[in-house]
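*Asks:* Sharing a structure below in structure tokens format, with a few things to ask.
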Amino acid sequence: MMNQLPIIALDFESEKAVNQFLDQFDESLFVKVGMELFYQTGPSLINSIKSRGHDIFLDLKLHDIPNTVGKAMEGLSKLNVDLVNVHAAGGSEMMQRAVEGIRKYNKDIKIIAVTQLTSTTETMLQQEQNIQTSIEDAVLNYATLAKESGLDGVVCSPLEASLLATELGESFLKVTPGIRPLNTSTDDQKRITTPQEAKALGSTHIVVGRPITQSDNPVESYHKIKESWLG
């Protein structure tokens, strides 16, 4: 079973900043390394974080032709992270090749698909992406495709987690960003909930960034969110 801790989004620009943040904690964490940070630091940061005993969600959202994504996942498999992702919009063949690639060197790595970003509104979906349906139906369609392609779950808003749990099963991972404690800024997220609401709605994992990383007391903020999430 994958680590259930809140996933801390390491939204920093350098390895030094990451280390300064992690030095404040004396416990094992589950952290997310996204595109901005990974492209700045490369695999050395992954090795450094793993050496501290932390689990890693490598959030690169791969989206390319099937062969390219498959080969890229083979490379990422060697990093021994715990969770990776692709864009479901890449299609079933791309997702199948991604699964094959990531499992080549490490069969324990979980792989999930991005359905719709939590910054996407229904207006954007219909007018800019030309997907003439509701957010919920679009997410369910992508999530179903991901499950049929052999993936372990999806990234989705907590607002769609309940629907996905009903349609695709509770064990299908529902990793949900857009988490904000009460009385905090929503930043650029549109479809958001609190940790307690996300749990009630069926999220299996939550991703939290700025409410922790930009807090005056990151350790205290993390523990409050952890307590509200795990109960």
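The backbone N, Cα and C atoms fix where each Cβ goes, glycine too.
According to TrEMBL, the protein carries these features:
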type	residues	note
ACT_SITE	D59	active site, for OMPdecase activity
ACT_SITE	K61	active site, proton donor
ACT_SITE	K61	active site, for OMPdecase activity
ACT_SITE	D64	active site, for OMPdecase activity
BINDING	D11, K32, 59-68, T118, R180, Q189, 209-210	substrate binding site
DOMAIN	5-225	domain 'Orotidine 5'-phosphate decarboxylase'
*Asks:* Give the three-state DSSP assignment (helix, strand or coil) for G209 (substrate binding site).
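*Replies:* DSSP assigns G209 (substrate binding site) to coil.
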*Asks:* G209 (substrate binding site): which of the active-site residues D59, K61, D64 is the nearest Cα neighbour?
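*Replies:* Nearest candidate: D59.
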*Asks:* Cα distance, D11 (substrate binding site) to D59 (active site, for OMPdecase activity), nearest Å?
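*Replies:* With the alpha carbons as reference points, the distance is 11 Å.
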*Asks:* For the recorded positions D11, D64, which one has the sparsest Cβ surroundings, going by other Cβ atoms within 10 Å?
*Replies:* D64
*Asks:* Sequence gap of 6 or more, Cβ distance under 8 Å: name the residues on the same chain that satisfy this around L60 (substrate binding site), in order along the sequence.
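*Replies:* Listed in sequence order: G34, M35, F38, L76, V84, N85.
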*Asks:* I need the CA-to-CA distance for T118 (substrate binding site) versus K61 (active site, proton donor), whole Å please.
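*Replies:* Cα-Cα, rounded: 14 Å.
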*Asks:* Sequence gap of 6 or more, C-beta under 8 Å: which same-chain residues meet both conditions with respect to P66 (substrate binding site)?
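*Replies:* For P66 (substrate binding site), the qualifying residues are G90, G91, E93, M94, Q96, R97.
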*Asks:* Whole-number Å only: compute the distance from the Cα of D64 (active site, for OMPdecase activity) to the Cα of D11 (substrate binding site).
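*Replies:* Computed Cα spacing between D64 (active site, for OMPdecase activity) and D11 (substrate binding site) is 24 Å.
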*Asks:* Calculate the per-residue pLDDT averaged over the domain 'Orotidine 5'-phosphate decarboxylase' (5-225) and state the result as an integer.
*Replies:* 94
*Asks:* How many other Cβ atoms are found within 10 Å of the Cβ atom of T118 (substrate binding site), counting all protein chains shown?
*Replies:* 22
*Asks:* Under 8 Å Cβ to Cβ from the residue listed as 'active site, proton donor', same chain, six or more residues apart: give me those in sequence order, or none if nothing qualifies.
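*Replies:* Set apart from the residue listed as 'active site, proton donor' by at least 6 residues yet with Cβ under 8 Å, we have M35, N85, V86, H87, V114.
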